[in-house]
Amino acid sequence: MTEEGPGIVSLGKLRRPRMLRLWGICRVQIFSAIFMLMSPAGVGAGAKDDFSLVHPLVTMEQLLWVSGKQIGSVDTFRIPLITTTPRGTLLAFAEARKMSTSDKGAKFIALRRSMDQGSTWSPTAFIVDDGETPDGLNLGAVVSDTTTGVVFLFYSLCAHKAGCQVASTMLVWSKDDGVSWSSPRNLSLDIGTEMFAPGPGSGIQKQREPRKGRLIVCGHGTLERDGVFCLLSDDHGVSWRYGGGVSGIPYGQPKRENDFNPDECQPYELPDGSVVINARNQNNYHCHCRIILRSYDACDTLRPRDVTFDTELVDPVVAAGAVATSSGIVFFSNPAHPEFRVNLTLRWSFSNGTSWRKETVQLWPGPSGYSSLTTLEGNVDGKDEAPQLYVLYEKGRNQYMESISLVKVSVYGTL
């Protein structure tokens with residue numbers, strides 16, 4: 001891949017923000033914690049993935065960003081994304097909204113990195129700056145190529161057509177685990193100028209056939225290209241094209257309450273090689289719950305007959321987190337409430353998301369918004385570690401956009 005101009009933004013040029021007081025790790029039942037501490041050593045490092053070992057336990061929480069002009073004079077931090085690079089580095093991203101809480105307006109893309117499994121984080125770096133654009137950038141989706149080690153970050157410009165006429169899908173990438181980034185690449189010549197809002201969340205790289213190695217980034221459109229659809233790359237991110245999509249109903253027309261209108265979405269791969277896309281149900285069609293789409297050809301097509309509704313995943317119309325581990329555990333996070341963005345809850349499934357375990361972990365009872373998930377599995381720094389789950393989410397006491405917080409969860413419940 002040829003980088004377009006120097007465009008390298010080095011971390012470390014910004015001073016470390018002052019330490020912030022935590023709002024508290026969510027409560028964990030004492031007897032459950034004691035039981036897990038007394039469990040056999042087999043559930044620690046080197047343990048074989050086994051559903052019977054899964055007892056998610058929060059082991060750490062810390063704030064990464066606080067709104068209110070406390071970091072770099074940024075008014076509001078929103079839209080959290082988190083990913084694990086092929087080398088095991090954690091990268092956390094957010095929209096840094098310069099002047100207001102609005103989805104429109106000028107922004108930075110904020111980044112923090114962790115190289116010690118989330119214990120410590122680099123100072124905030126602003127890796128993209130849209131200047132004073134009236135309808136600036138919007139995150140976004142991040143995906144890594146395990147073969148090349150390159151991390152790709154997608155975002156949109158002029159998504160709302162406010163003071164501008166042409167939407168663009170933009171891409172930056174890093175070859176060194178987020179230390180430096182390329183200049184932005186405009187994908188309009190490849191995919192056109194129909195508005196495509198990636199994610200928000202993570203893309204995936206197919207780990208199984210069909211199309212093993214394919215990069216997939218899913219998102220949603222507006223009236224120009226209605227519904228949920230995906231970007232695909234079969235050459236390690238050199239070129240991108242549109243794959244399958246599912247349109248809203250009525251197509252190309254303004255939607256009303258209870259119309260079918262899939263929106264922000266998160267893909268993950270199942271053990272059989274199929275791809276599930278967990279989507280926001282923008283107009284509460286059928287239920288106050290999640291729309292589930294499934295593709296059996298690596299998102300070349302998305303068929304209406306493969307669309308279902310998960311009534312167990314009650315949802316207040318929000319961007320949620322979803323991820324599948326290498327052993328087939330599916331995790332899901334959202335504000336578990338039919339109307340309000342409160343009660344950020346973690347759920348998990350041993351049946352590919354067709355059913356969910358009755359036990360849950362409440363991460364925050366109060367105002368909570370968008371969330372993003374990633375896992376750290378297998379060999380880390382030469383050690384075979386038990387799997388860890390990371391939840392990056394919007395958290396507040398009065399409003400969910402007051403901060404962005406990181407929770408670390410031990411999948412096997414070990415400290």
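Placement of Cβ uses the backbone N, Cα and C atoms for every residue, glycine included.
What Swiss-Prot records for 1-47 is signal peptide, and it gives similarity to another entry as the kind of evidence.
What Swiss-Prot lists as motif 'FRIP motif' is 77-80. Tertiary neighbourhood of the motif 'FRIP motif' (77-80): same-chain residues 65-67, 71, 92-97, 101, 110, 138-140, 200, 319, 369-372, 392-394, 401, 403-404, selected by CB-CB distance under 8 Å and a gap of 6+ residues from either end.
Per Swiss-Prot, substrate binding site is recorded for R78, R97, E264, R280, R341, and the stated evidence type is similarity to another entry. Under a cutoff of 8 A between CB atoms, and with a sequence separation of 6+ in the same chain, the neighbours of R78 (substrate binding site) are A94, E95, R97, T101, G369, Y370, E394, M401, I404.
What Swiss-Prot records for D103 is active site, proton acceptor. A sphere of 10 angstroms centred on the C-beta of D103 (active site, proton acceptor) encloses 16 other C-beta atoms.
Here Swiss-Prot flags 112-123 as repeat 'BNR 1'.
Look at Swiss-Prot and you will find 172-183 tagged as repeat 'BNR 2'.
The N-linked glycosylation site annotation in Swiss-Prot covers N186 (among others) and rests on sequence analysis. Classification of N186 (N-linked glycosylation site) by DSSP places it within a strand.
Sequence annotations record features per position, and here Swiss-Prot assigns repeat 'BNR 3' to 231-242. Residues belonging to the repeat 'BNR 3' (231-242) score a mean pLDDT of 99 in the model.
Annotation comment: Swiss-Prot describes N343 (among others) as N-linked glycosylation site. Sequence-distant neighbours of N343 (N-linked glycosylation site) (same chain, 6+ residues apart, CB-CB distance under 8 A): P335, A336, H337, Q362, W364, P365, S368. According to its DSSP assignment, N343 (N-linked glycosylation site) is in a strand.
If you look up Swiss-Prot, you'll see 347-358 marked as repeat 'BNR 4'.
Mapped onto three states, the DSSP output places N352 (N-linked glycosylation site) in coil. Among the features that Swiss-Prot reports, N-linked glycosylation site is placed at N352 (among others), with the record citing sequence analysis.
Among the features that Swiss-Prot reports, active site, nucleophile is placed at Y370, with the record citing similarity to another entry.
Residues or ranges marked as active site in Swiss-Prot (evidence: sequence analysis): E394. Within 10 Å of the C-beta of E394 (active site) there are 30 other C-beta atoms, taking all protein chains into account.
Residues or ranges marked as motif 'Internalization signal' by Swiss-Prot: 412-415. Taking H, G and I as helix, E and B as strand and the rest as coil, DSSP gives the motif 'Internalization signal' (412-415) the counts 0 helix, 0 strand, 4 coil.
Distance noted between the C-alpha atoms of E264 (substrate binding site) and N352 (N-linked glycosylation site) is 20 Å.
Spacing of N352 (N-linked glycosylation site) relative to R341 (substrate binding site) is 26 Å (Cα to Cα, whole number).
Listed in sequence order, P262, D263, E264, C265, R290, I291, D315, V317, V318, A319, A320 are the same-chain residues six or more apart from R280 (substrate binding site) with CB atoms under 8 A from its CB. Less than 8 angstroms from the CB of N186 (N-linked glycosylation site) sit S168, T169, M170, each of them six or more residues away in the same chain.
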